[in-house]
Amino acid sequence: MSEPEEGRGQHGGVAARSGGTRRLLAEVRDAVSIRTFLLIVGVLLLQLGFILSYVGAFHAPSPHRLPVRVVGPQGAAERMADRLDSLPEEPLRASAAPGESAARTELTEGGTAAVLVLRPAEQRDRLLVATAGGSAKASAIEEVLRRVQASRQRGLVVDDVVPVQEGDSRGLTGFYLVVGWTVGGYLVASLLGVSRGARPANPSRAVIRLVAVLVYAIVSGVGGAAVVGPLLGALTGHLLELWWLGALLVLAAATVTMALQVLFGVLGIGLTVLLFVVLGNPSAGGAYAPELLPGFWRAISAALPNGAGTEAVRNIVYFGAHGITVDVLVIAAYALGGAVVALVGSVVRGRRASAVGDGGAVRPA
């Protein structure tokens with residue numbers, strides 16, 4: 001081959017490789033658009049947030065102002081309560097009770113976490129706990145009080161006044177039940193969004209979706225209550241109450257998901273996972289009561305459906321449904337708020353679409 005022909009061959013090879021590179025880059029740009037790249041970054045941040053939230057919440061649980069009532073001779077109970085209140089890092093929030101009967105009633109209704117009964121005539125005092133309210137919480141109180149008793153050279157007898165049901169190991173069934181309900185709620189709303197568009201085409205479609213998730217919530221509520229009750233015997237005797245609580249919780253998760261999809265499109269699903277999974281589950285008080293969690297998770301627990309639902313289930317099953325009003329109102333607020341935002345958002349988007357259509361129409365002369 002002559003020298004010019006060899007040069008042309010090399011030039012042609014370089015051009016071919018350059019063209020192949022350009023085609024590859026074009027394929028990459030077509031396959032991974034800016035929007036896709038941003039979604040991948042969002043998933044990465046969500047994943048890291050998941051790790052941060054769960055490990056941050058659970059890696060070093062410690063008690064913070066757990067409520068304890070103190071019963072004893074006049075003056076002794078007040079002094080002991082003051083001593084417990086002044087412990088470093090405030091693990092307990094102690095106060096004197098008028099009598100053992102009143103304090104025990106408060107414990108069985110979920111109004112306090114434990115009762116310390118002082119018995120000066122004996123060598124050991126008595127601690128009444130309710131492991132149904134959280135075994136980790138009861139254990140934390142016992143641990144703190146045993147250290148205090150050791151410094152006083154006194155013993156401690158522990159009596160579990162409100163134990164968990166036989167099928168509810170460590171009192172975690174209620175938490176897992178709430179997780180199942182919330183997962184079902186946001187999954188059904190996400191499925192409707194994926195199959196028919198993240199945003200309803202018009203307000204009528206939004207109403208239809210709301211009716212669909214309402215029916216699903218009712219069925220899901222009774223299904224979950226039946227599984228933990230008659231089927232498995234984990235939480236027995238409260239089928240009707242758990243049914244309607246579950247229906248409300250599923251509805252809340254579904255309508256909030258719908259609202260976020262109306263506002264943010266497919267990104268709304270990621271925000272739903274952030275709310276219910278990344279933030280809601282670790283702060284709900286499942287493995288560790290909110291009083292054992294760091295400040296951030298402790299602060300948001302009762303304000304999210306997960307925490308409100310977990311607390312409501314425990315109070316229904318073990319504490320005569322005392323104190324569930326606020327929890328139910330929190331869940332209902334999410335359900336109603338999500339429905340309103342979804343409907344209003346659909347109306348606003350419909351009007352904007354009509355305005356754009358009218359603006360682009362060709363008017364006759």
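Cβ atoms are placed via backbone N, Cα and C, with glycine included.
TrEMBL annotations: computationally assigned, not manually curated.
Given the structure is predicted, the values throughout are model-derived calculations rather than measurements.
Feature list (source: TrEMBL):
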TRANSMEM  32-57  transmembrane segment
TRANSMEM  174-194  transmembrane segment
TRANSMEM  206-231  transmembrane segment
TRANSMEM  243-264  transmembrane segment
TRANSMEM  271-289  transmembrane segment
TRANSMEM  328-348  transmembrane segment
Q) Which sequence positions outside the transmembrane segment (174-194), separated from its termini by at least 6 residues, show Cβ-Cβ distances below 8 Å to it? A) 168, 209, 212-213, 216-217, 220-221, 224, 228, 235, 242, 246, 249-258, 261, 266, 268-269, 272-273, 276, 280-281, 284-287, 305-306, 309-310, 313-314, 317
Q) Out of 206-231, 243-264, 271-289, 328-348, which stretch touches the transmembrane segment (32-57) the most, going by CB pairs under 8 Å? A) 271-289
Q | Range from 206-231, 243-264, 271-289 with most C-beta pairs under 8 A to the transmembrane segment (328-348) | A | 243-264
**Q.** Long-range Cβ neighbours of the transmembrane segment (206-231) (under 8 Å; 6 or more residues past either end)
**A.** 173, 177, 180-181, 184-185, 188-189, 192, 200, 237-240, 242-251, 254-255, 258, 262, 339, 342-343, 346
Q | Intrachain residues whose Cβ lies under 8 Å of the transmembrane segment (243-264), provided they are six or more past its termini | A | 177-178, 181-186, 188-190, 192-193, 198-200, 206, 209-210, 213-214, 216-218, 220-222, 224-225, 271-272, 275-276, 305, 309, 312-313, 316, 328, 331-332, 334-339, 341-342, 345-346, 349
Q) What else in the chain is close to the transmembrane segment (271-289), if you only count residues 6 or more beyond its ends and a Cβ gap under 8 Å? A) 46, 49-50, 53-54, 56-58, 61, 133-134, 136-137, 172, 175-176, 178-179, 182-183, 186, 189-190, 253, 256-257, 260, 264, 297-298, 300-301, 304-307, 309-311
